[in-house]
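Student: Below are the structure tokens for one structure; questions will follow.
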Amino acid sequence: MPPYPRFFYPFLPTTLNTLLLCASHAIQSSHIRRGHPIFFGLITFFAIIEGIITAWLVSKFNNNDTYPSNSYRDRLKFLVFVSWWTVVFGAAHLTSFLVASTNFVSSIATHLGVWALTWLFWLAGAASFTAALGGGARCSHSSLTYCSQLVAAEAFAWIEWILLSVLFIFLLLIAVMALRRGDSLGGGLV
């Protein structure tokens, strides 16, 4: 017995096929060729901003040994790592896509693997840092040192996670369409 009402059953396969057909028209190779560099440029740009802010905060807190707590220290250092991880892999995927879009580094499988892990890193980093701030700090009512910079780091972490969520949805659609065509995930995005 399907988990949905019986009268929906005849419509589901048709609806799913229609959705995938619409998605395949929306995600054509020309759109991927145009959108990939723009999107990865945005991801890399925001990761650089986050990396600079968090590295500056770690430097300032290390110089004065004034971390509000060990949880701030650990979570800030994790965000520094995730930021520069994203910069390295974002630049690598951007470059490999522009130079040779059909090689394995530019494949659907590599994109899915690297960016799924990166998505998890950003989710863990942004959520744990938000928890350390107590759900977001109000700097006018807070005695935190570098409060505005901490809030900016939190905001850019969530922006990065949202961008990666959108990327991951597109990658899953591209992977499903490739498998439906009979292509392997080891092939290029276009």
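Including glycine, each Cβ sits where the backbone N, Cα and C put it.
All TrEMBL annotations are machine predictions without curation.
So TrEMBL has the following annotated:
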- 6-27: transmembrane segment (TRANSMEM)
- 35-170: domain 'MARVEL' (DOMAIN)
- 39-58: transmembrane segment (TRANSMEM)
- 78-100: transmembrane segment (TRANSMEM)
- 112-135: transmembrane segment (TRANSMEM)
- 155-179: transmembrane segment (TRANSMEM)
Student: In the same chain, which residue numbers or ranges, 6 or more beyond the ends of the transmembrane segment (155-179), come under 8 angstroms Cβ to Cβ?
Tutor: 20, 23-24, 27, 32, 39, 42-43, 46-47, 49-50, 53, 79, 83, 86, 108, 111-112, 115-116, 118-119, 122-123, 125-126, 129-130, 185, 187, 189
Student: What are the DSSP helix/strand/coil residue counts across the domain 'MARVEL' (35-170)?
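Tutor: When I sort the residues of the domain 'MARVEL' (35-170) into the three classes, I find 115 helix, 1 strand, 20 coil.
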Student: For the domain 'MARVEL' (35-170), what's the model's average pLDDT?
Tutor: 89
